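To start, the structure itself, in structure tokens.
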């Protein structure tokens, strides 16, 4: 059985079966137990070697044994090699090695579960990887991701006739799919700490501390070890808290009606299984749906905020009226019938044709997926199992460390060569060599990088931007292409109705009011929608649905009523009649149209069946009985002005069709032979920050493009408004309908140029014009080179389908460009997931977010206050006073003195405002702001007043969208610049850390080798003080905030390049020269030691003093010169913590040289220096700093790669 074919899943690249061996037979147990340790014992008892050799042998063997065990913890393949043996037979295997296909995810060894199935007594083999279950399929000889009944092709008719599960089926399904729950185990603190404690860098850091302890640096080593362990404990605690919060994301089980064995009865939602038929109902607890469901009958209004983050209610229609012979398509055609797990049901409407009556007046639905296989489960898995430790380019970092290792090996070789000629202890010599080699591995790098990314996450959350995959933040720092959807992204979500065109026979170009259209056109407008009336207990009924449709019906003056009735305003011919929508086909981005069937009765007349269709003009044109003369010119003319144009068609059926027969109508028969009713003209204003954001991205070396499903003329107009296109624009489209000939057209139709789909674009075309491509034209081009030529030079893509958006992003990715996609998280899911940086914009307001934050803050306060009350009761103390923020949550009284004061203050503000309004005095902006704050305070008053009656809220899904790794709760385009800003900041910090750590490591290696052999040592106090000051700088190095304006200059993306390596080596060379120079100067003032005793304890000397103070300045220059501030983030002087930390170190160094404070010098164990020597040492410090600065500036000027790629440039 080949390892590659063992698991068939796009998420897993390979797998291998293993048999776990008993503990004694593990490779890190039996060789040591049977041979190594008995031999060591024999040597020890017989004293065959010197004590020094035996001592070194014990340390070496202990280290090797530990490394044997740790190697298995670090690498799963090594673990399998040491603890298991391979097998090709699944019947024998106990474990399986799983290698994921995603870059950055680690391999995992998972146990294989064996279950005896009750129906056939066969054994089912399965394993779980990242909470995803894989089952062995004997006929295929491989493991496959668990499949659900709905994954197999099923007809609509089959699902409609579904009678639920039988007892035997439910028992089999329970074995196969398990319970419907999110089982996220929370490890204990000890378990998590053990996982962190065996991490390579942590082990390495502790190992280094132990080495320093062996070399008599106790204070410094113990202080470092304490800091490392404390930091790791804080990380473990944070991780444990995060896992606890993730666990609260699962929906609390509740009872639901299920149809099994042809009977309805209640069961817990945890016991639901695929193919169960359930009754969907709005429950009082407001719990989310327990799993993914397919609506069989009726309709629902749902809120998918927990899943997508979008709070706008959506209308879901069942598959009831779909043709029975049609095959179910939950990803496209039937997507609107899917109820996703975690979404809240706001309202259900039963169908009069439903044969399966529910006992609780709910609507029937069939279970599609359960547990972690649901859409909500997928999002939870992404959040739980996304890379927890953020790393840089691992390959580059490895090369960088290997490069530094060359210098360390040379230094340790020098120490061994010189030391072996003396009588020095081989133990100490080997210890020195190991310490030198370990000194070049920057053990602080993971911690520093993690701090930089966490700082960015925190900064983004202040803008209500949330990220589920933090490793993508550095990617946003070197973006090449930024793609934007139009509607709801660059333009506002709400549409303004301008009127209707094409209805005035004398002047078809004129724009008329909707109410001035013909009666048939008015009826078409009033019924061509999917709006419903949402009625919730205790709330005013409200209309929910597409914002554009709401705006249209409101403009017309009609109203939406219960049971899909629409009522006309007084004065209309339909005022006292009846209009009921009996069938809806929701708008589909693939089909580009929406249609409705209604039964209409004008007052006193008979019923008629009426069809209304609206959609893209070019689509509706194919359905019209007769296309008007200027049809194309009219809609293109309005499109050029930036309006959104929808064509409207209608027809009456010859015979009245009752509601119970409407399901017999096919969509094709409905959407044909239509009468043209006009063009609905909408305008969607640009978002306030759209133009400014696009301009900032253009000016900061990014290529901005628009990818939209709207028509090309409107898209080009909006692109011109925001600055995506600057030159005259040509649109590539098919020449005539139903033809494959492509043609370039100007937006005013004055230019027509042929296009060869087999030939790349000519330079003369894109140098003179900006280009727009339609989805129809793109589908005609097959040649990959031509496609890439278009993607390189086009700026606007219009009338593209969701799948085409995804194809475009993936093509750009595969050609080496770093991409960003910004969309609404609904139609753009595929493209958002494909992009390196996908950003879903949601529609919450800042006031909503502030109110939510205030509510959360007060709930935390409530928890703290309740604990205070419990403690007071336990110790018989008086009840503590209510905090001011919670005063409205408790009744007034002596224990709540703040409530009356707060109420009095609010009443006074409101009285003053009312007085001003009554006297018709114009309110100032400040007073308007005060009024808004007072209204918000009133809302908070009501919220807090009811807070004591509610349970403490738990963290739920809603911050993150299932569609994208980045989610902006606010629908502002400036979220993109905020993400780019933080990405650049993190990327700059990454490069900076590599440089600083590399220089520190090289200087340390030199100090431990050449300087150490010259008898130069540092005292414990010197190490501790400089180490503490360096810790402050390391902490602050990644805390610099980004600048508001994005610079045209791009940050250096890589690590292993001429600029970084050249700068590090150049600065290192300067430091070495100054160290050698000052050593020789010292020998002019004191004689060098004839014989250096390396084992001698530290004694202050002029050489030690000079080297220590010079190295302090070298550390200052390393941080200050390699610090990258403007134009990406605040300058060194603005990063106060680091600035003052470096000033502190410089002060210590200069004060030590000038002997400014004898007490400080005594504390630092420095000796007195001659005046001339002080001058020379100060001059050397200045030369060292200045020379390093010059090296850095020269390398930066001539070798830094900060030029944008060609695709970013307009020509």
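Just so it is clear, glycine is given a Cβ too, placed from its N, Cα and C backbone atoms.
Annotated features, as they stand in Swiss-Prot:
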- 24-44: transmembrane segment (TRANSMEM)
- 45-54: topological domain 'Lumenal' (TOPO_DOM)
- 55-75: transmembrane segment (TRANSMEM)
- 155-185: region 'A-domain' (REGION)
- 192-212: transmembrane segment (TRANSMEM)
- 213-216: topological domain 'Lumenal' (TOPO_DOM)
- 217-237: transmembrane segment (TRANSMEM)
- 250-388: region 'A-domain' (REGION)
- 398-418: transmembrane segment (TRANSMEM)
- 419-1057: topological domain 'Lumenal' (TOPO_DOM)
- 464-493: region 'P-domain' (REGION)
- 485: active site, 4-aspartylphosphate intermediate (ACT_SITE)
- 485, 487, 824: Mg(2+) binding site (BINDING)
- 495-685: region 'N-domain' (REGION)
- 688-845: region 'P-domain' (REGION)
- 846-955: region 'Arm-like' (REGION)
- 956-971: region 'P-domain' (REGION)
- 1058-1078: transmembrane segment (TRANSMEM)
- 1101-1121: transmembrane segment (TRANSMEM)
- 1122-1136: topological domain 'Lumenal' (TOPO_DOM)
- 1137-1157: transmembrane segment (TRANSMEM)
- 1175-1195: transmembrane segment (TRANSMEM)
- 1196-1211: topological domain 'Lumenal' (TOPO_DOM)
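Between residue 824 (Mg(2+) binding site) and the residue listed as 'active site, 4-aspartylphosphate intermediate', the C-alpha separation comes to 8 Å.
Most other Cβ atoms within 10 A: among the recorded positions 485, 824, that distinction falls to 485. Counting residue by residue with DSSP, the topological domain 'Lumenal' (1122-1136) contains 5 helix, 1 strand, 9 coil. Packing against the transmembrane segment (217-237) from elsewhere in the chain are residues 189, 192-193, 196-197, 202, 205-206, 209-210, 447, 450, 1020-1021, 1023-1024, 1027-1028, 1031: each is 6 or more residues past its ends and has a CB under 8 Å from a CB in it. Contact counts against the transmembrane segment (1175-1195), taken as Cβ pairs under 8 Å, peak for 1058-1078 among the stretches 192-212, 398-418, 1058-1078, 1137-1157. If you draw a 10 Å sphere around the CB of residue 487 (Mg(2+) binding site), it holds 23 other CB atoms from the protein chains shown. Look at residue 824 (Mg(2+) binding site): DSSP puts it in coil. Within its own chain, the transmembrane segment (1137-1157) is flanked in space by residues 1025-1026, 1029-1030, 1032-1033, 1035-1037, 1039-1040, 1105, 1108-1110, 1112-1113, 1115-1116, 1119-1120, 1123, 1164, 1166, 1168-1169, 1174, 1177-1178, 1181, which lie at least six positions past its ends and keep a Cβ under 8 Å from the stretch. Averaged across the topological domain 'Lumenal' (1122-1136), pLDDT in this predicted model comes to 88. DSSP classifies residue 487 (Mg(2+) binding site) as strand under the three-state reduction. Counting residues per DSSP class in helix, strand and coil order gives 8 helix, 9 strand, 13 coil for the region 'P-domain' (464-493).
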